[in-house]
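Chemist: Please find one structure pasted underneath; my questions will follow.
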Amino acid sequence: MYDKNIRLKIYTVSIILMGVACFLFGLKESVYSAPLEISFFILIGAITQSLQIRVKGNTAFSISFAIGLATVFIFSPSIVAVISFITMLIYIDRYNGKSYHFFNSDKHKRLFNASAYAIALALSSVVYNLVETNIVGIRLLGFSIIGIIASTLTYTAINPSIFIGLMCIIENKRYKDALREKVWPIINIIALSPLGVVTAIAYAHYGWFAVVMFLGPLLVARYSFKLYIDMKSVYFETIKALSNAVEAKDEYTKGHSYRVAQYAVGIAQEMGLTYEVVDKINTAAILHDIGKIGISDTILNKPDNLSDEEYIRVQNHPEIGAKILFEVDFLKDVAEIIKHHHERYDGKGYPLHLEGNKIPLEASILAVADAYDAMTSDRAYRKAMNSIIAYKIIIKESGKQFDPRVVESFMKYMKKQKNIWLEDILESEKVSYVS
């Protein structure tokens, strides 16, 4: 832990020092070269960054990169560093109904973000200028196409890499695992780069007024996108509230869905699944027991064995949950996962008795995560099982109850967690199975 904190400080301070150095180096040139033009790009950069839309958690969508990329084609690298550094320092971040600016937010974090942005854009500008000066190629209204491509690729490589390095230190992740979580920002960069080119062309040929006019329709599109995101958020929060209501009916299952989500996401990442699939699995895990809202508390909290009729009712909860979620358009894929998360690899599960690879992989992942947390949590009818025994049962059921591919990834994931001592204990202890 101590070593991790030292590495984190060295890494963040190094990035900040490089960013501040870039800023200071370009400050004199910025003051004497084109202060009005520079101020204009800082202003619109800060405004567009302040209007970023949070898609989910810490993932945000912003068109400010288009402004930053435009400066790469218009100004020198030192001026680009100044514009980008100040932009990221002065923008206002709105989160959970509160506004955060430089003076009421984490200054160390602000400086790190500003430095990462400035370093990446300044180096992109260096690449663009080198290509434009030394390589003859096709030009688009005065701008080097090869330079545009090279500088965009430079930013795409450098900026995400800085944050991937940070994630690797903080969360002890492998580079490829952290890279998967940066897919959305990379897609955002690639999608917005043509807008950066158009912004630069508009400014070079028609001045600042053309840039303002060009940004107008983009801000309208941004507003429409925000309405869509807000609607999705309201839907999801409503469904999640129903899921929480199910857990609230039984004190023993409190937090179950979120623990299952943690395990399921870990397994999915270990299997190398894409960010989109991992995100879908996370949502399915949080909502996987929502179908129990249609089952009486008496059955759910019964301390004795269930009757045949009661057991059939409990077995209906995946289909009930799937029907609830299928009515929400953006949760239809999630509904399919939830419908099959009690299927067994050997075909003895429910509701459709699917077997082997006919079961959706996401549902098989959820099945392992759900089973492990169920075994290691207290229930009305039994006490929590020892985690070692639960771990061994999951392994024993590979190829029978659980998909062997998922079990293998579950084992790898668990060995990286807090109980990293698990393997040694398993080697030295004879553990009896619970059938």
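Even glycines carry a Cβ here, placed using N, Cα and C.
Copying in the features that TrEMBL gives for the protein in this structure:
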| type | residues | note |
| --- | --- | --- |
| TRANSMEM | 6-27 | transmembrane segment |
| TRANSMEM | 34-53 | transmembrane segment |
| TRANSMEM | 65-91 | transmembrane segment |
| TRANSMEM | 111-131 | transmembrane segment |
| TRANSMEM | 143-170 | transmembrane segment |
| TRANSMEM | 182-202 | transmembrane segment |
| TRANSMEM | 208-225 | transmembrane segment |
| DOMAIN | 231-426 | domain 'HD-GYP' |
| DOMAIN | 253-375 | domain 'HD' |
Chemist: Would you say the transmembrane segment (208-225) and the transmembrane segment (34-53) are touching, if the rule is that at least three C-beta pairs must lie under 8 angstroms and be 6 or more residues apart?
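Modeler: In this chain the transmembrane segment (34-53) contacts the transmembrane segment (208-225) - 3 or more Cβ pairs sit under 8 Å.
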Chemist: Going through 6-27, 65-91, 143-170, 182-202, 208-225 one by one, which has the most CB pairs that fall under 8 Å from the transmembrane segment (111-131)?
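Modeler: When the Cβ pairs under 8 Å are tallied, 65-91 comes out ahead.
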Chemist: Is the transmembrane segment (208-225) packed against any residues at least 6 beyond its ends, judged by a Cβ distance under 8 Å, and which are they?
Modeler: 37, 40, 44, 48, 51, 53, 61, 63, 70, 195, 198-199, 202
Chemist: Do any residues of this chain, six or more beyond the ends of the transmembrane segment (65-91), have a C-beta under 8 angstroms from a C-beta of it, and if so which?
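Modeler: Sequence-distant neighbours of the transmembrane segment (65-91): 19-20, 22-23, 25-27, 29-30, 33-34, 38, 41-42, 44-50, 101-102, 110-111, 113-115, 117-119, 121-126, 128-129, 143, 147-148, 151-152, 155, 188-189, 192-193, 195-197, 199-200, 203-204, 211.
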